[in-house]
Structure formats: structure tokens, C-alpha cells
Amino acid sequence: MAEEAAVRAQAETVRRLKQDKADPDEIAKEVAKLLDMKAQLGADEGKHKFVLKTPKGTRDFGPKEMAIRERAFKAIISCFKRHGAEVIDTPVFELKETLTGKYGEDSKLIYDLKDQGGELLSLRYDLTVPFARYLAMNKITNMKRYHVAKVYRRDNPAMTRGRYREFYQCDFDIAGQFDPMIPDAECLKIVHEILSDLELGDFVIKVNDRRILDGMFAVCGVPDSKFRTICSSVDKLDKVPWEEVRSEMVGEKGLSPEAADRIGEYVQLHGGLDLIERLLQDPKLSQNKQAKEGLGDMKLLFEYLTLFGITGKISFDLSLARGLDYYTGVIFEAVLLQQENEHVEEPVSVGSVAGGGRYDGLVGMFDPKGRKVPCVGVSIGIERIFSILEQRLEASEEKIRTTETQVLVASAQKKLLEERLKLISELWDAGIKAEMLYKKNPKLLNQLQYCEDTGIPLVAIVGEQELKDGVVKLRIVATREEVNVRRESLVEEIRIRTRQC
């Protein structure tokens, strides 16, 4: 269009004047002219050019989706509370330097913000680093906390698999100096409880230890400087075959083919206590101090997990690496094995739904004196879980209630608006979740239909006869049974009835 071409030409004029360091007044005059042209172009064409959409990697959640989410959040938070955790919250953005250097190769996914008032800021990438900063800043050395909040990653989104740029994490962490593997075992028990409670289908929790990995790299001939980058390659083994990972190690990261082949012999092993015992006798690994320590703790961990009765879902897996730089000991990841849903022909592959591990050095990175606070924690990948729950409910055609309304206050005749308002006010004041239709004289049939449509279990009907008798007619929507209840007993009757619904 001619108008757009004129704007581009004017923008070029402004750019050239700035480049030539022309008179500031002349530049200001041309900039004003450019802004005026843009404003006119926007006014003429803004209406049909404006696109209503959410930003890439984000989505809106309607009442039905939020009802499913709240159900899942409730199960997760009640588990965290059952294990004695306190709740905290931290800012959605941190100083950039707080986040830099904590995530290995994933640091490129951090969202940086523009300089505001002299501070370089970034959106939080996870809830673990802010927790470590919180502990160091407040000189806390002992805490069990949970935190449910949004985090941000400048990733390539895969919306159907629950991979977003803005998403919730549900974290549980234990900070403090304790005897080995007791807090770590509790974190794994929590993952087992949550995934069992949500009934997502069969799952396995893979466990490994960064010390075993580092010891393995050392005995396989990986130079110290390549530990983290090779660890990042191994971390891809759940997504791509060993041949591709080997090719990346040798071709892109300069590892010798011999070292890569030796790593391949180890990272394809997985099992339980028997594998730990075998590796403790391994002539190479048993001579490495780090690996030996890690295997000793892994054996102890499996003993505790046996007492918790959950080893059937635990796999000691040497391919598990978890790419984040801050892990120092035990690491774990929960993976769904299948989506048990006969209605869906093509199950959604969602991969990992929880992960975590021990990070004993992270708090010390923020402490001016380098004082360490040992920590272990788990993060539940709630978005991926929601993808499964939403798809399952859609396939089952189960009706989702989007409100918690216990009773609809209705009238049987005209001119009873004042009585409905008085009654609903009494119910609200007593803590009853109640609604009414916003019409002066609604038809009774319309009021009853509203309850059917929204899933409200009870209707409190006021009529002229009921007012004379000092009662309210309480209708049970599911059975259409009606009982007269004394006005003063109505609140208690609603509580009893809704407990039974």
C-alpha cells in the first residue's frame, strides 16, 4: 500500500539522519512526522489488522479447565501439607544475575526483561533457584516448604503435550542438615502418592545420582571440563536413541569414540538393588570415590523406599542425567508409561511428569560467606498432567461442575423478590454457597432447569404458603424429592444434604 511505503520511506529518512548525526531539532521534526504517519495508518487500518490471540506458548483456561486444574492442585497441595510443608511465594522476576549460571545449557531459555530503573531482570525459570536465594537472604538453615506458581521458559512450545512458555510448577523441598537419604526418600514417596492419587495410569520413577554419573564419566575417560556438556547429552536418552546421543558426544562435543563407547556400556543399565550391588563390585566404578559414595547412598535410599513399600515403581537408571547444573547428589524423574484410556486411539505422549533431586551447593552460591544449606526437592510437572486429565474427561463426556454452589434460592410465585433476597442473604451470612436468578419474577421451571444445567444439587423454594407456615421447601434436584424445612433449621439441613451429594 502507498501509505505503508510512505511510512517506510520516512523511517529510512530518520535512520539516515541519526546515522549522519544531523541537527537534533531536524531529527526530532522528522521523528514527529513519522509518528504522525504511523498514527494515521493505525487509525485507518487498526480495526481489521488487530488479531485476538494469546502469545505463543500460552493459553487461556475457561471455567471447565480451571475446575479440572483446581481438583489436581487440591490433591497435590493436600499431599504437601500432609508431609508438613509450609508455603512461601517469591517475585515472578529475579535479578538476572540470580538466575545466570544455574541451569547449564538451558540458560538460553531464560526470559530477559528490559532494563527498568537500573536493574537487569529475568522472569523466573523455576522455583528452586528463587527458593535458594530466599534461604540465603533470610539466613534460614532448616525449612520444609511448598510453592505453587508460574514459571517462564523461552522454549519451543508443544501445546498438545503440555509444553508451554508460561506454566505452573508445584514444588516441595526440604532444606537442612539431616541424616543421609531420609529426606530424599520422602520426596520420592510424595511423587508416588501424588501420581497414584491422580490416577494417571502406570508410571515409573527413575533415580540416579550425579556422583555416580561424574564417577562414571571419570572412569570412562571424559575430561573434567566436558562433564556437564556430556551430562546434557546423556539427559536426552529418554527422547532419542543411544546412536544419536553418541554421535552428538563425538561429533559436536569432541569426545573420543572410545570414551563414548565406554559410557554406552553403563547408561543402558537399569534395575534395582541388584544392579546397585553389581556396580559396587564393578572394578572401575568401585575405585572411584564419588561413584562409590553415590552407590552407597543409593543402596541406603532403596532400603528406605522398601520400607515405604514403593520400590515396585522405582528404577535405578544410569541414563538419567537431568541437565540442570545445580544438582549434586540423588536425581529422579517420574515418567508415565502409558495413558490408560480406551476412548483415545492415539494416546498423547507426555513424557516426564515430575522431577527433582539434591542440590547441596545452590544456597551457598548466594551466601556471602559461602555457607551451604543441603537441600532436596521435587517439582510436579502439572501442565503435562492437566493435558492428560483434560483429554480423559473430554473422552468420557463427564459433566464438569464449574461452581461449588450448594443451593439455588427460588420462588414459586410472582412478587417474591424481596423474600428471595432476604433468604439468600441469611444463607450467605451462614457460609452457604448460594445463588439466585437475577429476575424479579422468574418462572419456577426456568429456575429448576438452571440447577439441572449447572449441577446445583438443592433448590430452596419460597412461596406464599411456605412464608405463612414459616418453612422453606427444599428440593433435591437429582431425585426431585421435596421436603418442608423450618426456616431456622434450613442452614443445617443444607449442610447435611450437601455432604451426602
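Every residue gets a Cβ built from N, Cα and C, even glycine.
Feature region 'Disordered', per TrEMBL, maps to range 1-22 of the set 1-22, 23-44, 287-308. Per-class residue totals from DSSP over the domain 'WHEP-TRS' (1-55), listed helix then strand then coil: 44 helix, 0 strand, 11 coil. Pairwise Cα distances among Asp126, Leu127, Thr128, Arg153, Gln169, Asp173, Arg322, Tyr326, Tyr327, the recorded L-histidine-binding residues, top out at 21 Å. The highest number of surrounding Cβ atoms within 10 Å, among the binding-site residues Thr128, Gln169, is found at Thr128. Every protein chain considered, the tally of other Cβ atoms within 10 Å of the Cβ of Arg322 (L-histidine binding site) stands at 23.
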